[in-house]
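**Student:** Quick one: structure below, then a few questions.
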Amino acid sequence: MNNFSIISEYKPAGDQPKAIDEIIAGLNSKKRSQMLLGITGSGKTFTMANIIERTNRPTLIMAHNKTLAAQIYSEMKSIFPKNAVEYFVSYYDYYQPEAYIARTDTFIEKDSSINEQIDLMRHSATRSLLERRDVIVVSSVSCIYGLGSPDLYYQMTVNLEPGKSYPRDKLLNDLINLQYERNDIGFERGCFRVKGDNIDIFPSHYSDKAWRLSFFGNELEYIHEFDPLTGEKLAKLDKAMVFGNSHFVMPQETVNSAISGIEEELQKRLEFLKSQDKPLETQRLNQRTQYDLEMLTETGSCKGVENYSRFFTGRNAGEPPPTLFEYLPEDALLFVDESHVSVPQIRAMYNGDRARKEVLVEHGFRLPSALDNRPLKFEEWEKFRPQTVFVSATPGPFELEETGDTVVELIIRPTGLLDPECIIKPATNQVEDLIGEIQATIAKGFRVLVTTLTKKMAEDLTAYLQELKYKTSYLHSNIHTLERIEILRDLRQGTIDILVGINLLREGLDIPECGLVAILDADKEGFLRSEVSLIQTIGRAARNSEGRVILYADKMTKSIDKAMSETSRRRQIQQEYNEKHGIIPKTINRAIHALAELEKVDSKLDKKQAHTLFDNPAKLKAHIEKLKKDMLKAASNLEFEQAAKLRDQLKTLEEAALELS
């Protein structure tokens, strides 16, 4: 059995050893829920990693959005390079669910765009959970949505071992049943091809490796792992397991049984609609469902097949759907990161999904069984979750109630950094005062974060600061992940001095160069100026030894008072620790991800180099192909900065190739 093994130059320090021991003691005493209160910069991720290593249990880490999940995944992958660290989030780049607006008699068809790279990583995650124990899966809250049955998924695998006999036609048919596509011309993920005595399979969980099965008659002689781009053999395998190209693969008998169940429900529903004198809904439901049944009979699938998932999984009406939680072993461990946001998200998901689908069922677009294609209810999630550690700097009421207000604190930072000094200034003329503070902060070589209440105010402030010749950018929800990372990189490098946003705390900004956080209209009570939001925003300045926070307010609200009191308490604890151990706080000098490599490519220089180094067009083409492969690999590892750098290089080299041709 593989054990977890941390590879790091750091050892637990500050509050970390005590917190690790307390959490592990709680796990050993069978506590179902624990609360880890970890402030910004206290090393929450490293603490979680040490708990995982000490307990040696498969682990699921839930985060409230893809970006935070990606950050945790990247950190865990660097801490556990020898173990399986996986990423499981929604694979939709774009998703428009089907819906019906009765008021205007408008039906909106489902429309979506699937990210192939994330789909690959989802397959890799479920495969790892079924094959090994040293697994950490970092997931967004979308892991509570329905997934294919783990029993069927595992049952449908094709096990391959050299020396054994596999009738050729049966093996090819098995691959097709796993929803692999035969393609002897284009070879890509989820495909197989046949060449003489060889069968090449491109597994659903790989982007840069494929398997070559070499036969003598029906006997499998060798399994080679090879590079699908170059054909280079990478390794000889003793065995291989081919998992489905979809989490919803199923044997034909299951499909036949499901079709019978759908037909039976359809007849009952049609009779009900007729009794309600709804001829339009009756005709609509019959037409749509009969078409789906024909597709299922002929191809084994149909558009919107997930709406019939209850019949494929053998669940009864109202029972919870299979989710990622059913892929976890019984002794798994769960961390819920930023639980004050994640837990309310889990609560809200079921009701929103249910309301939309009830309208579809009522108006004859879907059978009632479509209601069972859903996320878990909160109480179902409560039932399924294993031993859980909630992690947050600002715990919510549910976590505190679950843990009996017993909180394991992670307040002392090993770096000695204090919580920032907080100052209240009048909101009247706040922008004019802010300009002066910005000048003083930039003069010290630091950066500034400004948070406003509305998008309009953020846009206007950004435009005003740019007019005054300040290097300013605006961060908002419409910016894609890669562009967001580029903006943060520019901020850290000094290309940008000021970043304006509405809800910066949600962006997970950790900028050691940040010397000032300015909170405009801090006295306007509400979600953006609640105690939790203020504490989280104040934490953005906690990675700089000279970090300050200015709250612009004309009155002292309860939220401001509580946030400042909590910040002061944490600051006092850290000061006492520093004095006792003779620690002088120092700003964290975190690398800007290999600055030299991430600088934007100078196109003229690259073109010149391309002509000099790649005067042979064939070599240049081969180098471009390699860069494409490296870019995709970087993207699959969520190394977006590296992927962006390679993308820029590709663009200039392709221009050079065009000139050379």
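Placement of Cβ uses the backbone N, Cα and C atoms for every residue, glycine included.
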**Student:** Among 91-114, 139-162, 331-354, find the range that Swiss-Prot records as motif 'Beta-hairpin'.
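**Tutor:** In Swiss-Prot, the motif 'Beta-hairpin' feature sits at 91-114.
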**Student:** Can you count the other CB atoms that lie within 10 A of the CB of Lys44 (ATP binding site)?
**Tutor:** 24
**Student:** How many other Cβ atoms are found within 10 Å of the Cβ atom of Gly43 (ATP binding site), counting all protein chains shown?
**Tutor:** 23
**Student:** Under an 8 Å Cβ to Cβ limit, what residues of the same chain, 6 or more beyond the ends of the motif 'Beta-hairpin' (91-114), are close to it?
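**Tutor:** For the motif 'Beta-hairpin' (91-114), the list is 122, 303-304, 356, 359-360, 363, 365.
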**Student:** Near the ATP site, what residues other than Gly38, Ile39, Thr40, Gly41, Ser42, Gly43, Lys44, Thr45 in the same chain have a C-beta no further than 8 Å from the centroid of the listed C-beta atoms?
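**Tutor:** Those within range, site residues removed, are Thr47, Ala393, Leu410, Arg413.
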**Student:** Tell me which of the binding-site residues Gly38, Gly41 sits in the most Cβ-dense spot, judged by other Cβ atoms within 10 Å.
**Tutor:** Gly38
**Student:** Counting Cβ atoms within 10 Å across all protein chains shown, which of the binding-site residues Thr40, Ser42, Thr45 comes out on top?
**Tutor:** Ser42
